[in-house]
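One structure is given below, encoded as structure tokens.
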Amino acid sequence: MPTLARRSRFCLAAAVLVAAVIALGLLVGWRPVTETDGEVLEEMIEHRDTATTSVMTLITNVFSPGGTIALGVLVAALLVWRRSAASAVFVLGSTAVAAAATLALKYTFARQRPPLIDHLANETDYGFPSGHVTGTTALLLATTVAVTASWTARRRLLALLVPAAVIGAVAASRLYLGVHWFSDTAAGFAIGLAGVAVGLAVLPPASWARWDRQLADTVRRRRASRTHPV
């Protein structure tokens, strides 16, 4: 597929995902949505126990917004160390776009979280979309794209099982701890996907090698000019 057509498709995918989240945000008061949200929350509350609460709390803390930032910086540093600055920019950029979109949507819809009596974690901001799920989705999927860019299609598909499992665990932890409705986590997943789609449209893997060469050439020229000033 030509690069321009590929980028257009990723832009379209991002737009569709964001539109779907906006539509969901407008429908959170619709009975089928509220019933599903309520049923999922009740199911989670009924199956709480001390051991599971400890595990879910650990998961939600590791993949908190602060944790996601720390993990993102670590991933970017490792990618730069592998001499792939472009892939590092892709990972950080995709995650940042998703985070910014989530913040904007939170204040646009100003949706309240489940009742405080059901909370097992301290959360005070708006709930739609889930920031934990957004950040985890964007970071892990973008990292997977960066790491597996040169792999075969089959291996890349199998590699997606790892982030899928972690994203599912993070979403489950937010629901279990009673700080999000199911629709919040679904929206967070969609926005995370949209962030990666934007990253693929702006800085696709096919352009990374050229981008890295240009960056390396620029660095060499600057070093040469400092060593041998005119």
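Please read every residue number as a count from 1 along the shown chain.
From the backbone N, Cα and C atoms, a Cβ is placed for every residue, glycine too.
Source: prediction; values computed, not measured.
From the options 26-47, 158-179, the stretch TrEMBL describes as transmembrane segment is 158-179. Residues 40-41, 44-45, 47-48, 52-53, 56-57, 59-60, 63, 113-114, 118-121, 123, 127, 130, 132-133, 136-137, 140-141, 143-144, 147-148, 151, 185, 188-189, 192 of the same chain lie 6 or more positions beyond the ends of the transmembrane segment (158-179) yet place their CB under 8 Å from a CB of it.
Of the two recorded stretches, the transmembrane segment (62-81) does not lie close to the transmembrane segment (185-203), with fewer than three CB pairs under 8 Å once pairs fewer than 6 apart in sequence are set aside. For the transmembrane segment (130-151), the residues of the chain that approach it from at least six positions outside its boundaries are 60, 63-65, 68, 71-72, 75, 79, 84, 87-88, 90-91, 94-95, 97-99, 101-103, 106, 159-160, 162-163, 166-167, 170-171, 173-174, 180, 184-185, 187-189, 191-193, 195-196, 199-200, 205, 208, judged by C-beta separation under 8 angstroms.
Mean pLDDT, taken over the domain 'Phosphatidic acid phosphatase type 2/haloperoxidase' (91-200), works out to 95 on the 0 to 100 scale.
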